[in-house]
Structure formats: structure tokens, C-alpha cells
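Engineer: Below are the features I grabbed from Swiss-Prot:
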- 1219-1228: compositional bias 'Basic and acidic residues' (COMPBIAS)
- 910-1199: domain 'ABC transmembrane type-1 2' (DOMAIN)
- 1287-1535: domain 'ABC transporter 2' (DOMAIN)
- 843-889: region 'Disordered' (REGION)
- 1219-1296: region 'Disordered' (REGION)
- 34-54: transmembrane segment (TRANSMEM)
- 110-130: transmembrane segment (TRANSMEM)
- 172-192: transmembrane segment (TRANSMEM)
- 202-222: transmembrane segment (TRANSMEM)
- 314-334: transmembrane segment (TRANSMEM)
- 358-378: transmembrane segment (TRANSMEM)
- 428-448: transmembrane segment (TRANSMEM)
- 452-472: transmembrane segment (TRANSMEM)
- 903-923: transmembrane segment (TRANSMEM)
- 959-979: transmembrane segment (TRANSMEM)
- 1027-1044: transmembrane segment (TRANSMEM)
- 1137-1157: transmembrane segment (TRANSMEM)
Amino acid sequence: MASSAPSSSSCTFQAESSFGPAVASCRRAFDFTLYFEEVVFVLVPSCVFILLAATRLLFILRRARRFTTATAATTTSTDTSSSHSCGNAAQNQHTPIGHGLAHHHILQQCTAGLLVTLHVAGLILLCTTVPSRQRTDLSVPASVVAALAFGVVPVLAHFEHKRRRPSSGPRSSSLLVGLFLCVAVLLRAPLVRTHAALYGSGSALVAVEIASLVLQLVLIAVGEVSSWAADATSNFSPEESAGFLGRSFGSWLWGTFVTGYRTTLSLDSLVPIDSSLESRIVATSFDHILPVSPSGKPGKNGQYRLLLALFRSLGLYALAPVIPRLCLAGFTLAQPFLASATINYIGNGPAPDRDGYGLIGATFLIYTGIAVSTGWYWSLSYKNVTKIRGGLVDGVSQKMLRLSQQHGTESKVLTMMINDVYRITSTLAYAHELWVAPIETAIGTWMLCRHVGPPGLVVLGIIGVCLGASTYVGKHMAIQQGVWLAAVERRIGATKKMLASIKAIKMMGAGPSVAEALERLRRLEFAASRKFRALIVGTLLSSYSTATLAPVLVFGTYIGATTAAADFSASTLFTSLIWISLLASPLIQLLQIIPSFGAALGSLERIDAFFEKQEFTDERDEATAVDSSCSEKGEKKKEHVSLSIHNSSFSYTDDSEDSILKDVNLVINRGQHVVVTGPAGCGKSLLLQAILGEVAPQNSGSRVCVDGKVAFCSQTPWLENLSARQVVSRFSRDKDPSWTDRVVDACELREFLEAQDPDATIGSQGSALARAIQSRPDILLLDDVLSPIDYVTKKRILRQLFGKSGILHETGTTVFQVTQDHAVAQLADIVLRLDETGALRPYQFPPSQADVEDENGDVDNGAENTRPRESSHTTEAQSGPPEPKSKPTEITDRKVYATYFESIGFLNLVLFIGGGIIFAFCLKFPNVWVGWWTADSSDPDEASHNIGYWFGIYAMLNVLPLIAVAGWVAQLMMLIVPLSGSKLHRKLVDTVSKATFSFISRVDTGSLLNRFNQDLMFVDSRLPLDLFNTAAALLTGIAQVILIGVSAVYVLASIPVLAAVLFLLQHFYLRTSKQLRHLDLQSKAELHTRLSESYQGLATIRAARWQRQVHAEFQAGLDRSQAPVYLLWTVQTWLKLVLNLVVAGLALVVMGAAVGLHQHGSSSGASASASGIGIAFLNLTTLGETMTNLLTAWTSLETTLGAIARMVSFSRDTPAERDVLVRPDSLDHGGGGGGDRAEPPESWPESGGIKLEGVWATYDDDDESDENTDDSGGRPATDVAADGEKHEATTITTTSSTMTTTRYALQDISLEVRPGERVAVCGRTGSGKSTLLLALLGLVAVRRGRISIDGRDVAGVPRARLRGAVHVIPQDPFISVASGNGETIREALDPAGKLGDEEVTDVLQDCGVLDKIVGAGGLAASVSDEALSLSAGERQLFVLARLICRAGGRCRHGGGGILLLDEATSSLDVNTDGKTAEVLRKWLPNMTVLSVLHRLEAALKYDRVVVLEGGRVAHVVTPSESTVSSDIFAFFGRSRSFLESRETGGVSWLE
């Protein structure tokens, strides 16, 4: 290169050797120097790429070694959740790379190699054909570094292809390679242009460089089509196989969009998402968010421990959004410079055409850069928060499995999983705005000061005040959010109780009172959230303060501080306003985020406090660790001890001073069968909990030891939402089908399994028992699991399980069970009894109760021979046909919006819309005023008004938006939110409470609870803000487009095109986004169900050590949930990208038209004004953000409205009970009295007579449908086999268009119960006993026949009136849902206050629960479960006492009535059960009683015994008849001598 020359030679080649950056115009117009291009366009990107590529290669090699080690370890383990793979589990499979990818990789390597060859050739040509005087000092070094950089490309691509993690998908080209190639093409093109100008366009060097550019484009295209070559490996994520451009412009989402547009998406049809989001990978990264040693105290890092742990878990991925966010900040801050240059270009007269073309090019680069960098920023941010969501939800599930079962834990877990995790993730998505906002503020303020001087610093004061206010609000918001969520937890807990007890509630007619209790809790919830909502109003008000007040204060200070005439030219005013707008627009969002961060920190504190909870500790493990034997030290080991308890006392709570079980000593040898009995509330279940380790001993020196694998079956069976087949075998690792068959047969499940629909989700107690035995335990713990089963079935199960030839005896299983059943006790090796003092003593049942045949079961066999085994097609727990496979009703957007607007009221809707219009007008009209101001001030000599006039009105106009937004948001948050939330909650409660019993009993409880939890959370917290943001952005955007069109008239021509593009975009986008949001809600409902089910079965899961498998299955469900969550976020990111590209197109139209008019306007007479361009750019700078905010808020609004759509769909799809079964005027009584047509009197039923005439009942929902009948008198035809056995209670009715199959649970039942009579209803499981009670209450469909009470057909009585008139004690006792809302025990027992305190106390004393009530605090104590702590038997006694208190006054004074008992004393011992009959006779002497039971001793106390079989009446006998068939006694397993012994014993069993 030539040596130094004087400055006069700037037009020689020496000018190319300077850094420039611009070269002298005498050499080339509008170009950079060669030296600058070699440094910035070649050396810098090449060196950065080489450095990053080396780092990436090192990472790949290290990861490959780790993966090889992990794979070797994994292949030796067993996949515990293979049978439960779902959703995106396919992405976990290591599918080999197909031939298409192999060929693609070869093509890529060949192309890259050829590209390297061309760069080497170019280097040689540069050195040989270009003289040194025409090269800079960096020409050759830059070419060498560039050749090295391109030489790294095939190496990196090869290792990305060969050394990647197999589950990460087919990456034939890395993002780093794609990014480098794209940048290289953009930067090398100007250098090739410069070389062509310097060395000639026909030179060999330029030809090689052009070929190199073309080959780079080819290589980019090859990398982008890698996903097409991966069709054979469709299990991989298309995102991971996409190239850089595909990721930048979201082309990998096209498959999802097309599928969603053409068909219906499902969780199984979604494309696999990024493998880094798999739960197993996320759980590994986030494993340290759980404290290592929970102590129940806050961690050492305080409230930020969990937040820091989350970011530490993300590692370097937490910093991934930094680079695109900095790029976005740079492009955004370039807009004022572009606007200023454009205004000056328009206002300064003629200019070279190249300046206009440069402005057009700059517009393209700036706005396209904003679009692409925005897409990358949000894509990486959403990926991080998706990982955080997975880590938190997984952590909550893990922690739940480690905690003891305590009241309120379940509702707390469900609230955290939905509400808290949502708040955290939706807030942390904006985490990077916190650090970038100060940078943008500093730069923006500095640039503002360059235009207006020191007055520009005023904006910092406004920002400081607003930030201080937001920080203050954020701190208080976390506190108020905790108060609100505590109220939510109380409501969710009460709702869970309601849903779990829906059968009992409907039977008791307690629906209205329960609904009112839930409504009361809902009102308390809104009262608790009032301050939180007020803080939101303050937050939104402060967020808009910067945008409205900053221009006023800045310009006011500028006017006051300027001594000379202030410069109010269009360039100064609009450039300043653009800077203020760029400062204020992100601050509006930031100031809303800061309080949200306060709320998110509150949620993090709640979850962290949950993580810090003291975990369940198994004291048995410590004992076993000391001594592997369960024998006492020093004791001679004659037999192997399986279970032992030494000197231990137990209570349900650690802080209880009095022990329920005292000084328990127990030693059980292997293979023994031990039975424990005792009165209700004595602590039998507590003893089982102690053996399981769920309850720790209270005294020192105690020892609990369990030696062997344990299985536990609780009194309330733990049944998941699975079929009976899946329940039995889901935890079994035993692949021996013969063992499964033996277990199924022993538990009498064969016929049930064969008859059940494979897809039905109906389990049974027998399924839970079979699951426990299927796991081959060494010790089997049973908590009264056989009490609901009829005696005949029970005898078979006992013989096949516990008899000498039973499978448990064969396997040597130690059995420890709690029961009140003497039939079970007779097969036990040891019988123990717990008394009221908590002492455990040996026990022997009285002879009258132990008079049972031997295990060969003579009477049982007789019963089995005389009575064929009924088909199990109709079961006692029949809940109708399987849940419908059809999709929910499609709800249109119009219906959804109509439902929501109806909930807020017409007046509120009009006020809300009006407030939004006023706000948008007040917010944007000041821009128009500034345009008039600048136009008037352009010539000071001709100004019509002074500055004070213009500025004063401008100041007033900028204050009006604050007033408007304050009233607008206050109306929304303080009036609309509680009003709509209350109405929608009531709609949900009414839908559930009024649903038909057959429908609501088969709907998944978790799905229902999710509607009361997540859906209402959306309605309360997310929907109002989304509605506000959508309305504000929509109205503001309309105002901005109008201002752009008015200010630049030529832009109006593009408005129709813009509208068409937006319409097509939303039409195409919304079809997919709507489905994704529904799948998001659906998958969260599944997680809801999984967590709820797992919590209910914690004791069972921990007993059998199933935690790992349950957690693995939960992770599979979490993967299903992560897919729609992440895809919904990614399609929203794609929408932001496209909208910013639309804004880029609009900006190009504005700029192109302005440049064109400026260049050619003088000849045509048209021109663009500086003030018009200023207004246009002032709105263009924020239009992209406004449109992004609009579509983001709109899509979020669509998501939240999806919750309302689910409510509407649920309401439509849920069949509701008719108030009256048939119209009273259409009743055909066949001679019945006409009194049925009138409303029954308040005293009805007065006597309590019941009559059933030819009743056919079914669980089918269509109870009002007419049905064709046969020729046999209108009764449905019944299949009868040749031997006379009714194999199926089924009738098939054929019409001209359809064929329906109806399964009848009751068939031709005719029975009359006289007033005051007490009738026992007995029968095998599935015989129709409970169905008979349900038919009396109108809970099942009576298709034929008539049921009357006191001569009145119940078909004409409103159902609520019917259930309110009949007293019911259900099998599952229901006390109250409204725990914690102030209801006392006195109010729960006698809400009407009919009895005095002494009478209530007497009732409690007679029912045997007075001591428990006194211990809870007396009649004035809360009725909550945690306060009462009643056992299952005590709950039944409490319900009995409540019934007596509510009905006793009337019955004791001569009134009658009807009492239905559905296994109401199944959890009581025989003695207590006998006392309940005496209590009923004492307090309800005139009551007609119809009782479903299984015990003969109880049945013999009734006036008559009705035996049902196969839905028909088999026997109706009175115990006093000497001609009673022995069949009735055979049913109970008693011989005829039993009756004789009772009679000869001088005992009047009728008493």
C-alpha cells in the first residue's frame, strides 16, 4: 500500500486505508472505506464465529461423553412408566437418523467444502492478481481469517450431526452456523460491491466472490430444509431441526398452523416440542430448588432463595435472551434518528436521490430488525419460563409425595400449581425488561437532552416517582395476594368436599344449602381481594403517568428555562416526542410488571414455604436400620417377626398432649392373620397409620418395626380415574398372567372386568384390594375393606384369600386388618380389640356372633347352589354408561362474549366501552394538537397564537387521559370483576348441583374442580387485565392508524390492504390458537386430577413404595401439559413477529411515498409536510408495539375466554334434572287421587307410607324420553335364558331411526312399606339396593311403573321438594363444606333452632359423639373437619345426630316421615350398630325406615327384610314367621339354628 500522503490526496486509494467509515464522495458515493469493511464486515464476525464455534465444539464433545455414560446406566434400569406413555412421550424415544438426513448431511458437507475451496481460491487471487498498492494492510489477513471461519463450518456441522444428544432431534446444521452464514451474506455483499468498483466487475476475484455468495445462499437453503429431510424421524421436534431462518421467521410452526386450520388438534397430535423441555431433563436441572434438609423455617436466602435457585437452574440459558433484547433495544432507539433524518430530508428542500433510497433501506433494516429480534427475544424468554413452569410443577408434585396428609394441603397444592405457577411464569417472561429498561432510559434521556437540553432530565424525575409508587404497590400487592389466595384455598377446599360428596348431597337434598355456602365463601373471597384489585388500579394509573405527564413537564421546563426564543420546529418537537414516547411506552409495561413481580415474589414465597415444610419421616426405617430384625433385643428368635410395636403411644397430631393409643405392644410373626376391632373413634385406623409410619410415636423409647414389602388398602378405596383393569395391574411388575388371573378370581372381579367397557373409568373396592395383592406384598394392611360387600361375595373372597387354600396363606403374607365383621375375624389367627381408653387387648367375638360355618362354607355353598350368580352388568356403583366419547359442544365466540357480557350487565358494558373511547381519544388527540402547534409556529411572524396558548391546552389534554383511565379501570376492577365472577361461579355451582346423578357421578372430579380453580382464576385475575389491555390497545391502535392516514394521506390507500392482511392473519391464526388454549386448559385439568388422586392415595403409595412410579407418570402428564403451553406461547411469538413485519411494510409505504413525493412532488404539485411526517412517525414508532400488545392481549383474552367457553360448554353438555319428572296434569294414576296435581303440603309426608308398583329404573340420563313397549302390557322385554336365569338386565328398543340399549338396575319392583314400618333391604353387591333408594329420591330414571308416598305419585313432586321431605343418611357421611366460614356445630346440627342445648346434648350423648364434640370446643366450636377430627364411624354417628336434631322434634310429637339409610352404619362395630337402632326408636319412634344393610344382626331388628337379586325382589320376609325360607339366612351365612338360638335365649330380637 502507498505510504502516507497529504490530505489533498483523499481521492486516491489512500482514502480506502482509513477507518472512515464513509469513503470520500469523490471516490464512491454512499459507500464505506475498504479498511472499514474488512474490519467490521469480515474480521469481527469471522473471529467471533471461530471463538463461539470452538466453545460449541468443546461443549458437544463433553456432552457426548456424559451422554454415553448416562446411556450405559440407563440401559440397565427399567422404565417404570412405559405403560403410561402419552402425548409427547414419543419425543423421548431415541429414533435413529433416517437415510434422508444422511443424504442431506452429505450434501451439506459437500457444499461447505466447495465454499471453503472458493474462499481459498479468492485468497490466492487476491494475493496474485491485485497489486499491493490496491490492498490495505488487512486485506490478506481478513481473507485468511474468513477462509478459516468457513473452514470451521463443515467441522461444526459434522459434530452437530454426529455428536448430538439422540433425543435432541435431527440438527443437520447448527443455529450458530446458520447465523454466521446469514450475517456473512449480508456483510460480504457490500465488500464484493467495493471490490467490483476497485478491481472491475469482470475480474476473476470478483467472479469468485460472487460465486462464493451464491454458494453461501445455497448452503443456507440446505440448512433450512433439514427438517424436510427428517420426515422419517417425525418423533423429533421440528423446532430443533429447523435452521436459523426457520427459527427466526417461525416456519417450523407451519405444520401446526395448517393442521389446526384444517382439522381438530388433540394432545396426541401436537408436534413434539424441544427436547430440553422434557420433564425428566428439567427435573434434573431444577432438582436443587427443593431444600436439601427442610426444617420448616425460611431458607438462608430468605424470600429470594427460590428465585435465585430458579435462575441458577437455568444456567447460561437464562442469559440467552440478552443478545436479541440488546438488538431490539438498538433497533428501537434507531427510530428517532430515522424520524429526524426523514423530517429534515422533507423539510430542507431538494436532496440527492441516494439519500432517499438510503432512508428507505434504513427503514427496512430497522423495522425488519425489530421484528426478527422481537421474535428471538420472546421465543427464548418463553422457553425459559416453560422450563421454570416444568421445574416448579414437578417440584410441587415431588414435595407433595414427601409430606404427611394434613388438612388443607391438597387445596394448597392445587392452588400453587395453577394460580401461583401461572403468576410466576407470566411475570418472569418479562424478567429481562428489568435490566434493559434502565439502559434504554439512560440512552433515551441523553438523546432527549441533546434536543431540549437539561429540561430533558425532568423525565427522570417522573420515572423515579412512578417507579417508587410501583415498588410500593408491589410490596403491598404480595401481601394482599396472599390474603386473597388464602380465601381461594378455602373455597377450593370446600368445593372439593362438595364434589367428593355429590351423591350424598343430592340424596339429602342439601344442594341449595351447599350452593349457598359456596356462594358465601365466594363473597368472602371477593372481599379478601378488594385491596388487591385496588392496588391494580393504582398500578395502571401510575404506568400511564409517564406517557402523559412527561411531555408536559419537559416542554414546560424547556419553555421556562430557555432565555431566547424556544425552538418549536417540527424536527425538535416530534423528535423529542418520539424519544419521550420510546421512553414511556416500555415504561407503561414495566410499571405494570413491577407490581406483578411483587405478586410473583409472593407466590414464590408461598411455594418456597411449602418446599420448606417438614417432610414425612418414616420412623420405622430408623428402627430397622438399628436392627434388621423386628424382634426385641436379647429375645430368642424362634420365628421371623414381620411387624412389631413396643411401648408406643400415638395421636393424630404431634402437638396433642393426650395420646389416643397408649403403650401399644404388638408382635406379629410372618404369615399370621391379625384382626383388630373396636368401637368407633377408638383409634383403629390410627393404629394402621402408625404401622405405615404415617404417624410417629409420641413417647421416647418406642419402637415400630416393619420387615418386608407392605401394601395398604384404605377404608375409602384409592381409585384413580382409570378402568378396573388398569387399577389392578398398573403398579405390578409381575409379568406372570396366571398370578393376575388368580388375584382377579380371588377378589371376585372376573365378571366385573369382563362386563366393563374397556374405556370405562369405574373402579371398585375389589379393584383396590386386587391391586394391593397383585404387588405380592410381605405384609398386607387392610382398613375395613370388605364392609360394603354382601355376605355371599364376601365369603367367597375370604375363603379364596385368607382360607387355608387362599393365595395369601400360600404366599405366607402377613395380614393385619381392621374390621367389625365377625366373618373376617373367624379366619384370623389373632383377634385384638381396641377399647375407648386406647388399650389393645386380645378379644373373642361372642358365640352368637361367631356362629359361622367353617371356611368350606356349607351355607355359603348352599346359597351359591340355590341362587345363581348374577351378572355384574348392573352394579351397585353403576354410574351409567361410560363417559361419552363425543367432543364437547362447540361454542362460538359470539356465545362466549355474550355470556361474559351478560354476566357484567348491559349498563356496565356501555360504560366500559364509552370509557375506553374517551381514554383513547384523550391519549392520542394531543398528537394532533402538536401538529397544529408546529404548523402555526413554523413562521413566528405569522403565528396566530402564542406559546402559552398552545402549551396550556396541550398540558390540559395530557392530564385528561389519567382521569379517564382511572375511572375506566376502577369500574372494571371494582365493579365488573366481582359481579361477573359471582354470576359465573353461581352458574357453575348450579350446573353441578342440578346435573343428573348418572352424569355427574361419572365425570372426573379433577376436571370439575379445575373449572372452579383454574377457570375462575382466569375470570377473576387474568380476564379483566386482558380485557383492559385489549380494549386499550385496540382503541389506541385505531387512533394511531387514523392519525397516520390523516397525516400522510397517501397512506390511506394501503389501509384496505392492511385491514385485509390483518383479517386473514387473525382468521388463520385464531383457528390454531383457540384449539391450543383449549388443549392447555384440558392438559392442566389432567394434571389437576393426577395431583388430586396422588394426594388422596399418599398412604397407599408410600406404603408400597410407589412414589417413583407415580412421579414418573406425573412427569408424563406434565410433558402432555407442557406441549400446548409452549406451543401457545410460540404461536403468540410468531404473531408478534408477523405483526412487526406488517408494521415494517407500513413504514416502508410511508417512507417510500414520502421520498417519492419529495423527489417528484414539485412537478405534480403534491408534497409531504414535515408536521405530517412527524405525526406519522410519532405513531409509527409505537404502532408496532401497540399492535403487538393488541394481539398479545387479544390472544390472552381468547385464552381466558376459553375458560368461559368451557363453562358454557359444560353447562350445555350437562343434562339437568327436570324440576318435575312429568307434568302434573299429564299424570295417569290409573284411578289415583287427584291430589297429585297440586303442590304437596308443607307437612307432607305426614304418615310415611311408600308404595312401588312395577318400577323399572335405569341410570340412563334420558329419563324423560318416551320408549316403545312390547306387547306384554308395556313392560320392557327381558332376556331369559333357557335355564330361566336372567343374564342381563337389558332391553333393546328399536325405532325407525335408532336402536338403543337400556340397562335396568331395577326390574319390575313392587313393594309396599306401611307408615311407621321399618324395612331392611339386603342383597348381593350390584343387586339394586342403593338404586332402590335413589329411585325413591328421583335420582335415577324410572321408565315404567309408579312410586308413591302417602298416596302421592312422586313423579309430580318437584325433586327439591321430594328430597327435602325425605330424611336420608348416605353411606358416605357428609357434614359440611363450609369449614372456616363461621358455622358452629350447634348451627350444623339444628339450623332452625328447634331444640334446646340440653336436647342437642342428649342426642349427641345417645349417639356416642358428645365427648368428641366437647373435646373440639363444645357446640359453639367450628364445624370444620380439622376441628372435629372424626373417624369414619364417628362421622356416621354425627350425621345420625344431625338427622335426629333436624327431624326429631316433629317425630317425637306424633309426626311421621320417611328415613332412608344407605349403609349408614357400615363403619360401626356390631354393638354400636345395635345402639343406633335403639337411638332411632327413642328419638324417631314414628318414622318409616327403609335401610340398606348387610348385617343379619341389624336386619333382625327390622319389621321386614326385603332381599333383592338382579334388580328384582327375591324375598320379602318377617323374622317372626316360622315359615321363613332358609335362603334368607343362607344369604347372611347363618344357619336356621341361629334364629333358634336367638329365640331360646329369651331375647326378643324384634326389640
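Note: Cβ is positioned from N, Cα and C throughout, glycine not excepted.
Values in this document were obtained by computation on a predicted structure and should not be read as measured data.
Thinking about packing and proximity, how do these listed features fit into the structure?
Structural biologist: In this model, the domain 'ABC transporter 2' (1287-1535) carries an average pLDDT of 77.
Through the fold, the transmembrane segment (110-130) approaches residues 139-140, 143-144, 146-147, 150-151, 153-154, 157, 199, 203-205, 208-209, 211-212, 215-216, 218-219, 222 of its own chain, all at least 6 residues removed from its boundaries and within a Cβ separation under 8 Å.
If one looks beyond the transmembrane segment (172-192) by at least 6 residues along the same chain, the residues whose Cβ comes under 8 Å of a Cβ in the stretch are 31-32, 37-38, 40-42, 45, 49, 52-53, 56, 101, 104-105, 108, 149, 153, 156-157, 160-161, 206, 209-210, 212-213, 216-217, 219-220, 222-224, 226, 229, 241, 243-245, 247.
Residues 30, 247-250, 321, 324-325, 327-328, 330-332, 334-335, 338, 341-342, 345, 429, 432, 1129, 1132-1134, 1136-1137, 1140-1141, 1143-1144, 1147-1148, 1151-1152, 1155, 1184, 1188 of the same chain sit 6 or more residues outside the transmembrane segment (358-378) yet have a Cβ under 8 Å from a Cβ within it.
Only residues 6 or more beyond the boundaries of the transmembrane segment (428-448), in the same chain, are considered here, and those with a CB under 8 A from a CB of the stretch are 310, 321-322, 325-326, 329, 332-333, 336, 377-378, 381-382, 384-385, 388, 456-457, 459-460, 463, 554, 576, 579-580, 582-583, 586-587, 589-590, 593, 596-597, 600.
Residues 540, 912-913, 916-917, 919-921, 923-924, 927-928, 968-969, 972, 1051, 1055, 1058, 1146, 1150, 1175-1176, 1179-1180, 1182-1183, 1186-1187, 1189-1190, 1192-1194, 1196-1197 of the same chain lie 6 or more positions beyond the ends of the transmembrane segment (1027-1044) yet place their CB under 8 Å from a CB of it.
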Engineer: For the transmembrane segment (959-979) and the transmembrane segment (903-923), check the count of CB pairs under 8 Å (sequence separation 6 or more) and say whether it reaches 3 or more.
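Structural biologist: Answer yes: the transmembrane segment (959-979) meets the transmembrane segment (903-923) with 3 or more Cβ pairs below 8 Å.
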Engineer: Restricting to the same chain and to residues at least six past its boundaries, which positions have a Cβ under 8 Å from a Cβ of the transmembrane segment (452-472)?
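Structural biologist: Long-range Cβ neighbours of the transmembrane segment (452-472): 441, 445, 538-539, 542-543, 545-546, 549-550, 553-555, 557-558, 561-562, 572, 576, 580, 583, 587, 591-592, 594-595, 598.
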Engineer: Would you kindly list the residues that approach the transmembrane segment (202-222) from elsewhere in its chain, counting only those six or more residues past its ends and only Cβ-Cβ distances under 8 Å?
Structural biologist: 104, 107-108, 111-112, 114-115, 118-119, 121-122, 125-126, 129-130, 153, 173, 178, 181-182, 184-185, 188-189, 191-192, 195-196, 243-245
